[in-house]
Amino acid sequence: MAPKRQSPLPPQKKKPRPPPALGPEETSASAGLPKKGEKEQQEAIEHIDEVQNEIDRLNEQASEEILKVEQKYNKLRQPFFQKRSELIAKIPNFWVTTFVNHPQVSALLGEEDEEALHYLTRVEVTEFEDIKSGYRIDFYFDENPYFENKVLSKEFHLNESGDPSSKSTEIKWKSGKDLTKRSSQTQNKASRKRQHEEPESFFTWFTDHSDAGADELGEVIKDDIWPNPLQYYLVPDMDDEEGEGEEDDDDDEEEEGLEDIDEEGDEDEGEEDEDDDEGEEGEEDEGEDD
């Protein structure tokens, strides 16, 4: 699995916490300390705070340097991303298969979502020139019975106040095909052996801007799927694995049955041999009597 890269949206700075209040016993104990001891403690606390500020300053500097390196390598990766997209275009249903095989994304997909995603031909993730300012995810679709758009996009950025924000393409749904307004229904797909209430449509993600700073689906696509989608496309189908397991069990049972038959046959042959031996002994006894 590809390593997760640092999010382009900068983390909020943590304010230093004040030292915990002293309990009654500690207060009374410290009250008995010489003033010199109190002064040394206060000076130590102030020095610790100064050192911590230096550590925080270096951490911020490191983050800036990491972002610069990431920006440099983003440019170097672009030709390879383009070549990969051209090759992926030769594989039918690559992206819908990748999404269905991803455990977090598949949990968001209903039956009709999967049908719509069969028309998805390309996915592109673009990180902005100033990485800290955000990124955009573009979904390219063939002509389909659900909506008019050829491209659906969602963008994550920092607004004027510096807070995470997002915006997206307005989906132009065809008459009666708005998947975000469908009623909840029960799904039973024998091919994937699941029966549960339909999840909220995947496409509601394009209209949900409630918490852009913690958009799990956007982060999963950008940091987990986009760096190496092939690893999820090649995940073996669980139903196939279960089917193979059942076939193996059947084969084992058949082999055990054949072994039992062979053992019974050997026992029968042994009994017949014993009967033949007894018959021969009887004939010999009769001959001796004569």
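Going from the start of the chain as shown, residues are counted 1 onward.
Just so it is clear, glycine is given a Cβ too, placed from its N, Cα and C backbone atoms.
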Based on what Swiss-Prot says, identify which of K72, K132, K150 is the N6-acetyllysine one.
K150
In Swiss-Prot, the entry for N6-acetyllysine among K36, K172, K177 points to K172
To which residue among S63, S133, S153, S201 does Swiss-Prot attach the annotation phosphoserine?
S63
By CA distance, which of the modified residues (S63, K68, K172) lies nearest to K150 (N6-acetyllysine)?
K172
DSSP on S63 (phosphoserine), three-state: which is it?
helix
According to DSSP, folded down to helix, strand and coil, what is K154 (ubiquitin cross-link)?
strand
Under 8 Å between C-beta atoms and at least six apart in sequence, can you list the same-chain neighbours of Y146 (phosphotyrosine), or say none if there are none?
A116, Y119, W173, K174, K177, L179
Radius 10 Å, atoms counted are CB only; among the recorded positions K68, K150, K154, K172, which position scores highest?
K154
